[in-house]
Amino acid sequence: MNNDIKEVLYSKEDIKDIAQKIGSQLTKDYAGKNPLVICVLKGAFLFMADIVREIKTYAEIDFMDVSSYGDGTESTGEIKIIKDLDVPVEGRNILIIEDIIDTGRTLSCLVDLFQHRKVASVKICTLLNKPERRIKGIEPDYVGFKVPNEFVVGYGLDYKGFYRNLPYVGVLKPEVYENN
Ligand code: PRP
Ligand code: MN
Ligand code: MG
């Protein structure tokens, strides 16, 4: 285990199992709907790869790069679109893949944006949900795990750009971010 991690919450096996479960539900729910599955970079890159391989029906994929946190541990309240989609979304069934929903600000902005672009439907699939921190009324449609209000990293989730490559989700030791 990485020395900066206090505790492992979800192992790669836990995540593989939940991705299979969610994926088979998505296969049923999106059969015949030609969804556009959108990965919210950077955090969702690993979970996206797991989920799309479990969707056994026609699906298109695309990527958006949005950022809210900057370098700190708190969200800044507005999101920055660093890379937008490559395709128009009007009339499409959108499935957003996220690593975590915290305050809900990122997804609230994205859902508003897609509704403005006149999509047919928009649903949210997230590996982790942290409802205790919610500011915006965002409820995910597909959830891997509910996490406590602690600073979690790994499996795509970062602190200052690090720890995304950990193959599990763990709690960061408070001294790591308190001393920085
Ligand atoms: C993180 C995370 C979610 C968002 C959740 O992304 O990956 O996208 O914050 O927080 P919220 O619910 O309070 O909006 P971040 O902005 O850190 O960018 P990153 O994915 O590139 O790390
Ligand atoms: Mn993110
Ligand atoms: Mg981040």
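Any Cβ shown, glycine's included, is placed from N, Cα and C.
Per TrEMBL, the features are as follows:
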DOMAIN    12-160  domain 'Phosphoribosyltransferase'
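On the 0 to 100 pLDDT scale, the model's mean across the domain 'Phosphoribosyltransferase' (12-160) is 94. For the domain 'Phosphoribosyltransferase' (12-160), the number of residues in each DSSP class (helix H, G, I; strand E, B; coil) is 43 helix, 46 strand, 60 coil.
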